[in-house]
Amino acid sequence: MAKMSVLLGFILGLVMVGLASSAKFDQLFQASWALDHFAYEGETLKLKLDNYSGAGFASKNKYMFGKVSIQIKLVEGDSAGTVTAFYMSSDGPNHNEFDFEFLGNTTGEPYLIQTNVYVNGVGNREQRLDLWFDPTKDFHTYSVFWNQRQVVFLVDETPIRVHTNLEHKGIPFPRDQAMGVYSSIWNADDWATQGGRVKTDWSHAPFVASYRNFEIDACECPVSVAAADNAKKCSSSGEKRFWWDEPTVAELNLHQSHQLLWVRANHMIYDYCTDTTRFPVTPLECVHHRH
């Protein structure tokens, strides 16, 4: 029995290798610019945008596969021209990236969420939607789940977008580069609100986005380790099993699929896949994607 307990402990230890999970900002992240635009109120972090600067932070480590979540309360009132972003990205010109961009609006008009996926440095995969709640009144959880089969964007655990691995169709999928986690707030009134027609009203500054409950449940990748070795390290094999490789998360379950259909039917405003002006020839992944 003692040997069995030791063996079980060893196996469980293997399964948990490389995982990071925490709710403390300073354990996982650090300010990357404009430290004087950061404010801490207990467990809540506030980023401020004024006509001098925005602000941003980045994870201390990079990760491959797993789930990243942050609770955010977006800028209240007139937020036109502002963008608050939460995203994952690798480095270099051929980087991969998963974006949440929250596009501010005039008072009374809904916030829009724009998502985008970059693969090998190529983006142009924007989708925009409004939300079924006011994201400025309370904290809501925004998450990215990533494994070798799919990338899922979630809002309060409801999937709003799925980017599926279609490598068998000759379409590249982001599964070989470790990614950092980032967030920032900045002025983007040249495009963010109504195509840039509505500018930032600096008389309403500072614009404040609030954050709490930072969680990363993913495979931590040392910078000194080669990409191929990280991919191997973060994939299940033999006695080493990672939760993101389990069959239950290989694709959306039935309930999640219905949720995604509901979001697309009721809240989707723009989908690059149907923009024939930008893409006279339908992008190949749109032909095969089930979203």
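Positions of Cβ are set from backbone N, Cα and C atoms, glycine also.
Residues or ranges marked as active site, nucleophile by TrEMBL: E97. Taken from TrEMBL, the feature active site, proton donor covers E101. For 1-211, the entry in TrEMBL reads domain 'GH16'. Per TrEMBL, N-linked glycosylation site is recorded for N105. For 1-22, the entry in TrEMBL reads signal peptide.
The C-beta environment of E101 (active site, proton donor), restricted to residues of the same chain at least 6 apart in sequence and closer than 8 Å, consists of V83, T84, A85, Y87, I113, Q114, T115, N116. There are 22 other Cβ atoms within 10 Å of the Cβ belonging to N105 (N-linked glycosylation site). Taking all protein chains in view, 18 other C-beta atoms sit within 10 angstroms of the C-beta of E97 (active site, nucleophile). The residue listed as 'N-linked glycosylation site' and E97 (active site, nucleophile) have their C-alpha atoms 25 Å apart, to the nearest angstrom.
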